[in-house]
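J.: One structure coming up, written as structure tokens, with questions to follow.
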Amino acid sequence: MTSKQLADAVNKRRTFAIISHPDAGKTTITEQMLLFGGIVREAGTVKGRGSSNFAKSDWMEIEKKRGISVTSSVMQFDFEGKRINILDTPGHEDFSEDTYRTLMAVDSAVMVIDGAKGIEPQTRKLFKICKMRGIPIFTFINKFDRDARDPLDLMNEIEETLGIETYPMDWPIGMGRQFMGVYDRYNHRVALTHPKDKDNPYLPLDDDGKVKDENPLADEGEWKDAMDGMELIEMAGNQFSEDKVLKGDQTPVFFGSALTNFGVRTFLTTYLKFAPAPSSHKLENGDEVEPLDPEFSGFVFKIQANMNPRHRDRIAFVRVCSGEFDKGMDVTLERTGKPLRLSNVTEFMANTRENVNKAVAGDIIGLYDTGNFQIGDSIYTGKKDIKFEKLPQFTPELFVRVTAKNVMKQKSFHKGINQLVQEGAVQLFHGYNSNDYILGAVGQLQFEVFKFRMENEYNSQVEMEPMGSKQARWIDPDQLDPKMASSRNILVKDIHGDPLFLFENEFALNWFKQKYPDVKLTAKL
Ligand code: G4P
């Protein structure tokens with residue numbers, strides 16, 4: 001590729017993830033987008049619908065599910081001159097630290113909210129990471145074909161609970177059975193859910209924002225309510241600021257109904273106008289790598305283990321940060337300084353086959369891995385040593401005590417734990433004054449994968465005693481008095497030896513804060 005070709009290819013890329021709580025409509029929206037991109041012909045093909053009666057202990061089922069999720073982990077398609085990469089952020093039983101880490105590999109995020117439920121816990125958690133990265137976040141409020149909450153209320157909730165300004169790009173006219181459309185202030189038109197002329201669902205607006213021609217909704221109460229809401233927003237709402245949007249300080253908000261395919265196309269088109277192309281990535285030494293640098297570089301943000309014991313290979317997901325990837329190319333693995341040939345690449349869902357052989361900054365490649373990679377690894381070509389900034393550590397929420405079933409097999413137990421921890425599969429803690437092994441995770445699946453892999457890859461049967469969910473808070477070692485610990489706040493240390501308390505619940509945490517007001521407690525992300 002010439003430098004001009006590389007620049008054209010990179011500037012076309014738009015790489016994002018959808019952040020939402022389960023059931024808000026992420027899959028339905030993704031499917032609509034894939035339909036626009038010509039990648040699927042029918043909705044309902046991404047997630048095996050109806051197969052949700054998934055038994056946690058049934059590995060065949062997980063295998064099947066994971067088989068699907070590898071191809072749909074990254075979905076690539078072309079739309080309106082852009083090449084879009086949607087990175088899946090698994091929720092439900094698949095929620096894990098990988099879901100968080102995926103957000104380190106995107107350039108923007110789409111937040112999908114259920115109009116009846118508002119902000120839900122998983123959205124809040126994922127949002128926090130996007131905010132920390134300062135990436136643009138675009139909001140789609142879904143399910144307006146059902147009864148939803150007052151849109152003004154929803155705006156308030158986003159601003160208050162997430163701490164981001166909102167800018168409604170459109171405003172709903174009615175909801176539920178009376179959902180008539182949206183007043184699209186950005187595109188200067190009214191979009192109708194049930195237009196008389198199906199080929200022309202829009203009513204253009206004049207310079208004053210009034211419907212130019214005859215307005216079939218003029219006498220409807222829903223129209224009047226929407227206009228009142230719009231007036232309030234115009235008067236008291238935020239000014240649109242592209243600068244703030246790009247910094248992640250303001251979120252453009254859209255309303256619609258993914259199920260009836262209302263509003264998704266407008267959302268995608270408008271999103272593409274503002275969403276940024278791949279930008280530079282920080283290195284550990286403070287330098288930055290520019291996407292148009294002709295040398296290839298990237299980092300591993302997720303490793304997916306194959307649950308089939310006969311195929312132990314894993315897939316390392318790499319975000320390309322600069323240059324161009326060619327199948328079969330030789331790179332340096334920064335951690336070891338050793339050369340590696342990248343010949344075995346996995347296919348993602350795409351409407352062209354070229355993505356497997358060629359990828360540029362902004363794209364994701366999946367490398368078959370026999371144990372070379374760890375999460376956070378940097379790979380690159382060229383002479384300059386490239387080490388990307390460390391991926392953040394996330395605060396685990398679920399904990400188990402783990403022991404080897406067979407005390408004679410301590411060696412394989414320790415080897416397995418150490419490798420899986422290094423790989424980022426789970427986090428390891430020790431009792432502060434004991435040798436207890438405590439594992440932490442953000443999702444239950446991480447423990448199950450851990451157990452399965454210990455047995456199958458390290459021949460080590462493990463016993464796991466659930467400790468339940470805890471609030472983990474690190475404490476400055478200088479302020480620590482081991483007497484502060486109790487059964488409600490268990491004192492442990494992380495793999496660096498830093499002390500932290502595992503609080504039973506919010507109540508125990510607050511009680512501690514009141515008792516020791518001068519003690520500083522910190523959470524990771
Ligand atoms: P998720 O990936 O965020 O978990 O959500 P998903 O798209 O699977 O949607 C969750 C449920 O909400 C699905 O119903 C889906 O059909 C429905 N849904 C999504 N968007 C809308 C919308 O705009 N309006 C309405 N009314 N419903 C919507 P389900 O019954 O759980 O699944 P299915 O059996 O219908 O597939």
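Here the Cβ of each residue, glycine as well, is placed from N, Cα and C on the backbone.
Dumping what TrEMBL says about this protein:
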- 20-27, 88-92, 142-145: GTP binding site (BINDING)
- 207-216: compositional bias 'Basic and acidic residues' (COMPBIAS)
- 11-279: domain 'Tr-type G' (DOMAIN)
- 197-216: region 'Disordered' (REGION)
J.: For Phe144 (GTP binding site), which DSSP three-state class applies?
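T.: DSSP call for Phe144 (GTP binding site): coil, neither helix nor strand.
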J.: Taking the Cβ of each of the binding-site residues and counting other Cβ atoms inside 10 Å, which one has the highest number: Lys26, His92?
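T.: Going through Lys26, His92 one by one, the largest Cβ count within 10 Å is at Lys26.
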J.: DSSP helix, strand and coil counts for the region 'Disordered' (197-216)?
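T.: For that range the per-state counts are 0 helix, 5 strand, 15 coil.
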J.: Just to confirm: which same-chain residues, 6+ apart in sequence, have a Cβ under 8 Å from the Cβ of Ser20 (GTP binding site)?
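T.: Once residues fewer than 6 apart are set aside, Ser20 (GTP binding site) is near Lys26, Gly91, Met111, Val112, Ile113, Gln122, Thr123, Leu126.
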J.: Looking only at the domain 'Tr-type G' (11-279), report the model's average pLDDT.
T.: 88
J.: Using DSSP and three states only, what is Ser20 (GTP binding site)?
T.: strand
J.: Taking the Cβ of Asp23 (GTP binding site) as the reference point, list residues of the same chain whose Cβ is under 8 angstroms away and which are at least six residues distant in sequence.
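T.: In sequence order, Asp114 meet the Cβ cut-off.
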J.: Secondary structure at His92 (GTP binding site) (DSSP, helix/strand/coil)?
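T.: In three-state terms, His92 (GTP binding site) counts as helix.
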J.: Tell me which binding-site residues (Ser20, Asp23, Lys26, Thr89, His92) have a Cβ under 6 A from ligand 1; sequence order is fine.
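T.: Cβ under 6 Å from ligand 1: Ser20, Asp23, Lys26.
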J.: Tell me, by DSSP, whether Lys26 (GTP binding site) is helix, strand or coil?
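T.: In the DSSP reduction, Lys26 (GTP binding site) maps to helix.
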